[in-house]
C-alpha cells in the first residue's frame, strides 16, 4: 500500500516538472518606457527573476526606481509592465502677503512666468496695475498701494439748502441731499454721491417760478384755459408750458403760441398783445383769447 502511494506521488511530481519546464516568459522585454530590464536567472523560464531598473531621473508609480518580477505559470511576468516616468516638479510661485490679498482683488495666477492684475477693493491704485512672477520667486515690480479717495465738501446751490453732516472730507459712497427754498423747484436729482474719482455726482439746480406775463387774457395751463389771477400767485413752476393766444393779422380769429417757463423767465410770444383795460371791461367777449380759433386753412 505504501509503495503504491509513493509511486503515485513520484509520477505527479514528474508530471508537474515536465509541465513547468517547458514554460518561458517573453524575453527580451520591448524597449522603451525609460527603463532597463536585466534577467537574473539563466533563462526566462518558470520562476525566473527579472529586474527592472528605471533610467536616471525616472521612477515607477510606487516611487521606487527598480522592481523584481517573477515568471509565472501562465508564461507572464508578475506585476504590471514597467512604466517609468519623470517625477513632477513642484510649481514655483511668488508669495502674496496678506496685506496684498486683503487690499486688492487679484486676477491671474502667482505661478512663475505668469502675470497678475491688481484691482483696489477701495481707493485709487498707485503703482503698476500688473506684475510678473519671476522664476526665482520674486516679483518684477513692488506691489502697488490703494490710496484713499475722498470728496471735498459739496458745493452750495443757489436758492437751495444742503442736507448733510458737515465734514471736511466725505468717503466714496457718502450721499448728501438738496432742498430748494420757497417758490423754487428742484431741477435734477435731490441726492448726490461721492464717486470713486473723488468728485460728486451731478448737482441739481433750484429753478425759480415764472410770473405769467398776461393780466387781461386767458391762457392755457395744463390743458385748462384760465385767467392769470385764478392761478396761485399768478406764477407757474419751472418747466411749465403756458399757451398764449394771438390774433390773426387779417382775420377775426386766434391761434395758440406756447412758451415754457425756465428759471424765472417766461416771455410772451412776439405775436401776443395785452388787451387794454377798456377792451377787457367793455368787450370781454371780443378778447383774442375768447374769439373763434383760426382754422388750418386760415393759418396757411
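Note: Cβ is positioned from N, Cα and C throughout, glycine not excepted.
Cβ environment of residue 194 (disulfide bond): 150, 151, 170, 171, 172, 173, 174, 175, 200 lie under 8 Å away, each six or more residues apart in the same chain. The feature disulfide bond is assigned by TrEMBL to 151-194.
As annotated by TrEMBL, domain 'Sushi' applies to 23-86 (among others).
The domain 'Sushi' annotation in TrEMBL covers 92-148 (among others).
Each residue in the domain 'Sushi' (149-208) gets a DSSP state, and the totals come to 0 helix, 27 strand, 33 coil. The annotation domain 'Sushi' is assigned in TrEMBL to 149-208 (among others).
Residues or ranges marked as signal peptide by TrEMBL: 1-15.
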Checked against DSSP, the composition of the domain 'Sushi' (92-148) is 4 helix, 23 strand, 30 coil
